[in-house]
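**Q** These came from TrEMBL, pasted as-is:
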TRANSMEM  47-69  transmembrane segment
TRANSMEM  81-101  transmembrane segment
TRANSMEM  122-149  transmembrane segment
TRANSMEM  155-174  transmembrane segment
TRANSMEM  181-198  transmembrane segment
TRANSMEM  213-233  transmembrane segment
TRANSMEM  254-272  transmembrane segment
TRANSMEM  292-315  transmembrane segment
TRANSMEM  320-341  transmembrane segment
TRANSMEM  347-365  transmembrane segment
């Protein structure tokens, strides 16, 4: 019987320890929730700033490059391979930025070297960049053929179909969830592109035969499908292979595939024999030799700015979000084409543009709902 008080004292001591542990756990939980709120709030501000920068890069770069590409063809340019080459060959201008990002990434890794993720092997990285580069080269060639045979406004609106293709690939490769607003967006953008099949472009700035128009249409749709696949594969590589969140990773994904694509396109340029006529093409350019070089240089710069924006949007959000932002540029190009190339704004084009804008707004609203739900869960509303 004398042991009973001792047992009671032990039970009381253990109870006090449990109470202390529960208090500590509650404090740790509250601290974790506070940290999560802070991180989410910081992510919101920083994320929207980065998204705004990448969006500006994507829209401004692509709009400038497409319009100058149409100018190249209209004023005497005729080389499909050269038009393809300038879409990817501007990556050297990003090298200073690349080394700056590499330096910052190295300093960050030395201060926070607690990552347990093993980096991918050189063989895996080489295969990844090579595959993406070859796909990028083929896609750019198809886009060049489409822009050669189509008016710039029609070309830009057909490119809206890339969003539907990207959504399909994202479903299988990136486990993209589809909501009614996303489905509505995809349907509207698909109809927007399909309407242009019935467009009569006989009065547009580009006078081509019906057969070449069909070739341009098919190549542009095929390029849009390839672009959607490229974006989904890029997101897949970020998630499954690279597994890092640094700006250097974005630069890697822009520069190395561009390098591979440049080499592939150079082989095509020399194999096709088009390089032999480039001198005559420069001589016969309607705006002069200096303008010929300037147009090609600025096309190159425009596409590189665009690629940084596109890949950055994939890195920060998703391939589908990046494609939606690209689709936002669709209303911009036809308006600018009306100003600079006198492409008529027909009724079909106007309806197609309105449907594209409607589809874009539907997708952005879904993203707003997702962001609002995230803030509600973390108490930042």
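Backbone N, Cα and C define each Cβ position, glycine as well.
TrEMBL annotations: computationally assigned, not manually curated.
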**Q** Going through 47-69, 81-101, 292-315, 347-365 one by one, which has the most CB pairs that fall under 8 Å from the transmembrane segment (155-174)?
**A** 347-365
**Q** Please indicate, using numbers and ranges, the residues of the same chain that are 6 or more beyond the transmembrane segment (254-272) and have a C-beta under 8 Å from a C-beta there.
**A** 79, 81-82, 84-85, 88-91, 94-95, 98, 125, 129-130, 132-134, 136-137, 140-141, 304, 307-308, 311
**Q** Can you find at least 3 Cβ pairs under 8 Å between the transmembrane segment (47-69) and the transmembrane segment (347-365), where each pair is 6 or more residues apart in sequence?
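**A** No; fewer than 3 Cβ pairs under 8 Å.
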**Q** Quick test of the contact rule: Cβ under 8 Å, at least six residues beyond the ends. What residues does that give for the transmembrane segment (81-101)?
**A** 65, 69, 72-73, 136-137, 140-141, 143-144, 147-148, 246-248, 250-252, 254-255, 258-259, 261-262, 265-266, 268-269, 272, 274-275, 278, 296, 299-301, 303-304, 308
